[in-house]
Amino acid sequence: MRRSWSARRARRAGRALAAILAASALTPTAPPAVADSAVTVAAGPAVTSAASGSAVRPAVAAPERCIPERGGVTVGESWAQRRLGLARVWPITRGKGVKVAVIDSGVDTAHPQLAGVEARDLTGTGARDCVGHGTAVAGIIGAARLAGIPFAGVAPEAEIVSIKQTGGETGDVAVLARAIVEATRLGADVINVSVSATDQKDLRAAVTYALAQDVVIVAAAGNTKRDGVTAPAYPAAYPGVLAVGSAGRDGRRADSSNAATPVSVLAPGQGVTSTWTGRAYREDLEGTSFAAAYVSGVVALVRARHPELDNVRVRRRLELTADGGMGTGTGAGMVNPLLAVTAVLPSETVALAPPVPAALPPTAVAKEAPVDERANGAAAATAVGALFLAGLVAAGGVVIPMGRRRGWRPARRSTLREL
């Protein structure tokens, strides 16, 4: 018998926090308290964290003119939409009742297909999307189905909440960490992080906290630098996070998809379609940012259909039902929405370890279980969610791993290496 959403939400804190406390041998404490003023993002040189007194680099000054690159006024059905067979899944589930947090550059809520998005801002520049990236990510995840418009999001009835963590093409790790905590406290079932950062203690703590609250975190694996040098992208490389690589029409990993990050699954990320600012559309989007958005949509479908599954089982379900990996950087292969929603997995009747395991338990299924590329990667995140204090401070920045797209390039003065 399927458990209700309220029952699943209610058991999150007790079970997950118990695991944290058992590991840390501490008495219970309240969830992380992060004040809105913990990090101030403003124009000019490095600014000071009000909570910690530490200097951090601002993401970007508030644009004097918020004019993103123009999009088209018409749109067709995306090849990715056909490739993933979404029309076969929607009669079963459309993601209703699942909350997906999009931590990005904001969302254009004036777009007809994104009218129901809740918009929040952590940058002090306003919730409006002046880049277009967040609007595109949100559209892939949950753009509503409208008459006469072939394009729709993977989970068109999911609830989308936009948390703006940057006003431009780069961002700050402290703000990203705050956004993850904020999304968790807002009750997000899925958190999409289509940005890349270096490994920072505050980011690790935020991810640990969210995973302990039964949230599924989906993150972009990052895009390679133009000179071919790669490095693992975070939070995608943290254990327990669904790391997503980019694939082309042939289902193979895109050359630009970062193979240094331990990948869970692939999803379309070349020449894909989505919503854009100004009530427009783009049909030439590339990068693991958008591949991650497809997977977040699939996770929303799975959580709507199987609310009894915790985040470990949801992640494992997507890996076991994927189409099969083809080498380094492909993980379990292309995500398969229909199988992810409908497959019967005997292993789901077996009790699993608490969230954020160092290694996933063996799973008895008909096909060979995919190789978990994370097994020998970064060590399991330390159970410090209960100790996550106000004033997130980071030494690096984040960059939107959007990949090469006409008219857009990563900022060259980012405090983080370009991916």
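Every residue, even glycine, has its Cβ placed from backbone N, Cα and C.
Values in this document were obtained by computation on a predicted structure and should not be read as measured data.
Taken from TrEMBL, the feature signal peptide covers 1-35. The domain 'Peptidase S8/S53' annotation in TrEMBL covers 95-324. TrEMBL lists ASP104, HIS133, SER289 with the feature active site, charge relay system. The transmembrane segment annotation in TrEMBL covers 378-403.
Features recorded in TrEMBL, as mapped to the structure shown.
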{"residue": "ASP104", "record": "active site, charge relay system", "DSSP (3 states)": "strand"}
{"residue": "HIS133", "record": "active site, charge relay system", "DSSP (3 states)": "helix"}
{"residue": "SER289", "record": "active site, charge relay system", "DSSP (3 states)": "helix"}
Rounded inter-Cα distance in Å - SER289 (active site, charge relay system), HIS133 (active site, charge relay system): 9
For HIS133 (active site, charge relay system), the number of other Cβ atoms found within 10 Å of its own Cβ: 31
Cβ neighbours of SER289 (active site, charge relay system) where a neighbour is any other Cβ within 10 Å: 32
Overall pLDDT for the domain 'Peptidase S8/S53' (95-324), taken as the rounded mean: 95
Rounded distance in angstrom between the Cα atoms of HIS133 (active site, charge relay system) and ASP104 (active site, charge relay system): 7
